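**Q** The ATP binding site annotation in Swiss-Prot covers Gly158, Gly159, Ala160, Gly161, Val162, Gly163, Lys164, Thr165 and is backed by sequence analysis.
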Amino acid sequence: MKKGRVSQVLGPVVDVRFEDGHLPEIYNAIKVTHKAQNENEVDIDLTLEVALHLGDDSVRTIAMASTDGVTRGMEAIDLGEPISVPVGNVTLGRVFNVLGENIDLDEPLPADAAKDPIHREAPKFDQLSTEVEILETGIKVVDLLAPYIKGGKIGLFGGAGVGKTVLIQELINNIAQEHGGISVFAGVGERTREGNDLYYEMKDSGVIGKTAMVFGQMNEPPGARMRVALTGLTMAEHFRDKEGQDVLFFIDNIFRFTQAGSEVSALLGRMPSAVGYQPTLATEMGQLQERITSTNVGSVTSIQAIYVPADDYTDPAPATTFAHLDATTNLERKLSEMGIYPAVDPLASTSRALSPEIVGEEHYEVARSVQQILQRYKELQDIIAMLGMDELSDEDKLVVSRARRVQFFLSQNFHVAEQFTGQKGSYVPVKETVKGFKEILEGKYDHLPEDAFRLVGRIEEVVEKAKEMGVEV
């Protein structure tokens, strides 16, 4: 291992000079350690990542933690490889930082735990799976109208308090229970409190044992926030490539990844591009997203929360992300206010998998009919608000009646919310979902009260609920 000395410290940017003509490769990890000599000093154990070659045997690096206490002349050791993080079953149920160090107050990982570097090539063309396979989630509104693809990328849009976290938890639970799948959660630029809450909620709901969690919180330097998504992805890739698993990979929030990249770019002195973003925005996004894919062995399916600055979808950060997405799930506050959970907007959510060749003719026809009837209901709402239901034609009254049943039937109880609602969660297979909506659209349940359709799973549960309400079925 070659040694050098710190020559300059500029916040999260540290320059290191090496001797004997040695120059570490780009992305190599460099370690700076220093034992405090007196009470005015602090112990330093800092990892840097090489970002630029400056010439004269010097490199410019980005710090993965605070550089407080680092001074010129401190010894820096080139580790000769990129940052490496633990992978495999030892990561399940644990919480890590960007360097793969556990931060959950449990026992440290065994010293001989397998490790992989966070920088690697995307899978080669001949390793990619060309089959388009639907990932059944058991959540009706998702499976029917915006189905997820195994190895695909899904954008999850939603404000505060509309149910993003609960939807993420339910997806983790359903994949674990029904498919025996593993999940990796990467909190990128997250609020520490939210990450903490998520950890304890997952512990309480029992899904933590199938999940690895990685956090680079909001208060950490941009280097940590930019690399933490790669740390999580490396853990997910191991389960895909070495164990043939179908892995679910959550990133919250992908915008913070871009934001951290922008900060690093400015610190390295690069000329900013449009709206102040880094000129390498598309490259950085591509390097991350291209590694998230299906191979002949397994798949990594990613669900990414996306913050849209000032609701401007043409902003370079969300616009660059959209190019990579296969499906979008939009959460709508109005639906959560109506008590419809999950509050997924059935008209704004999209998926490239919703075509007859992929989901089948029947599923496609039912999904399109559901969207048409909900769209017509939306158009009629202004008339209803002004003139009331009585002014509608008989045909439109029937549309409204069925649309409301459809809207309520798109809701369902979640397993992870059982302790709050007191009602059992439901996992609904796609076939049952399609059958239920088809029968509602055909008018088979026009005689049942609307409330019987609210927060249930299969269509049979609607009939049972109606019986409990004293309605003759």
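Each residue, glycine too, has its Cβ placed from N, Cα and C.
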**Q** Quick check on the binding-site residues Gly158, Gly159: which one has the highest count of other Cβ atoms within 10 Å of its Cβ?
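**A** Output for this query is Gly158.
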**Q** What residues, ordered by sequence, lie under 8 A Cβ-to-Cβ from Gly161 (ATP binding site) and sit at least six positions away in the same chain?
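**A** Non-local contacts for Gly161 (ATP binding site): Arg333, Ser336.
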**Q** Under 8 Å between C-beta atoms and at least six apart in sequence, can you list the same-chain neighbours of Thr165 (ATP binding site), or say none if there are none?
**A** Glu194, Asp197, Leu198, Glu201
**Q** If you take the centroid of the Cβ atoms of Gly158, Gly159, Ala160, Gly161, Val162, Gly163, Lys164, Thr165, the listed ATP site, which other residues of that chain have their Cβ within 8 Å of it?
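**A** Once Gly158, Gly159, Ala160, Gly161, Val162, Gly163, Lys164, Thr165 are set aside, the remaining close residues are Leu331, Ser336, Ala343.
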**Q** If you count other CB atoms within 10 A of each CB, which of Ala160, Val162 wins among these binding-site residues?
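**A** The most densely surrounded of these binding-site residues is Val162.
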**Q** Three-state secondary structure of Thr165 (ATP binding site) from DSSP?
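**A** Thr165 (ATP binding site) sits in a helix per DSSP.
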